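Undergrad: I am attaching a structure below and will ask some questions about it afterwards.
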Amino acid sequence: MEQIQVELGVRSYPIFIGQNLLENSDYFSSYLQGKKILIVTNDTIAPLYLAKVQALLASYQCADPVILPDGEQYKTLSQMDAIFTSLLAQNMGRDSVLIALGGGVIGDMTGFAAACYQRGVDFIQIPTTLLSQVDSSVGGKTAVNHPMGKNMIGAFYQPKMVAIDTACLHTLPAREFAAGMAEVIKYGIIWDGSFFSWLEQNVAALKSLDEAALTYAIAKCCQIKADVVAQDETEQGVRALLNLGHTFGHAIEAEMGYGVWLHGEAVAAGTVLAAQTASKMGLVDQSIVCRIEAIFEAFDLPTEAPEAMDFEQFIKHMRRDKKVLNGKLRLVLPKAIGQAEVYGEVSESLLQEVISRA
């Protein structure tokens, strides 16, 4: 079992990583004693893990769970209302704990509900997808989508702990696993070139769900994320680097319809577009772009924008990106494998050239 600490002063919290973590209630006891618990999950995860978690927490006060429909298209304010209704109907107060049992959508919605309910109650993340284990469950970003943009309504609100059971990945569909790998690869590109090289050398081990390889990769990603969040919790500086590929990627998700492209698929294509932009600007050699494309392809991820999207469809969403400052687009672009930077002087004509050739 690995343990990583997210250092945020009095709001610091642990990330536990290990196989069959959901068979040991000791990890949870100090966060649940004397609390009333509401588990929030979805209709895909509930048949797989809800009974297991309920059995794990049998000695605590558990309310009736909330089971939401599965999918990015349901990450909305109207669906989040079901969480609030359940909390109120079961007379749950400020001593409540919400448990997010699921992937990134469930984690984001549960965290946002916890931030809002009675002006803030505790919550715990139990991420069940690779993407949520390496990225969205750590760092306190919570949100729902709006038809005009992804994650536009939300808050920074940290969990009390994160419990990552690698055994959950054995029930994850291959497409979802690949989508999670997009975020894993991102860490290598922006932060750690040696980790990127390790990923290139361990494609087969990761795709076969080798336990040692998985644990190493997840722990490496969580440690990088914890270090970045400790430096810049609310994304005023270095944390923006974690958005590599996301400006293009969020545009793909919003334009194609939430859930048509998985988040990780959109990030993969978006990262290649970012790398091609960096190459056009003379920031990286074309050989770097080729390495980035090759590793995404090795994990069965898209490396091109949707044929159905043109420049105007991209740019209308990109102009709403949360990194826009004084009306100017700001893009995270790679400078090398293991290094990235935020650039605020990227011309739309250059972006049009990159997108048109994609």
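Cβ from N, Cα, C; glycine included.
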Undergrad: Given that Swiss-Prot lists H246, H263 as binding Zn(2+), which residue among E183, E200, E312, E341 does it place in the same site?
TA: E183
Undergrad: When you rank E183, H246, H263 by Cα distance to D70 (NAD(+) binding site), which of the binding-site residues ends up on top as the closest?
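TA: The smallest Cα gap between D70 (NAD(+) binding site) and any of the binding-site residues is with H263.
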Undergrad: Does E183 (Zn(2+) binding site) have same-chain partners at least 6 apart in sequence with Cβ under 8 Å from its own Cβ, and which are they?
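TA: When sequence neighbours closer than 6 are ignored, E183 (Zn(2+) binding site) has L130, L131, V134, D135, C221, G264, V267 within Cβ distance under 8 Å.
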Undergrad: For C168 (NAD(+) binding site) and H246 (Zn(2+) binding site), determine the Cα separation and express it in whole Å.
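TA: Between the Cα atoms of C168 (NAD(+) binding site) and H246 (Zn(2+) binding site), the distance comes to 26 Å.
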Undergrad: At the level of the C-alpha atoms, what whole-angstrom distance separates T171 (NAD(+) binding site) and H263 (Zn(2+) binding site)?
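TA: So the alpha carbons of T171 (NAD(+) binding site) and H263 (Zn(2+) binding site) sit roughly 19 Å from each other.
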Undergrad: Please tell me which one of the binding-site residues listed here (Q73, G104, G107) sits closest to H263 (Zn(2+) binding site), measuring Cα to Cα?
TA: G104
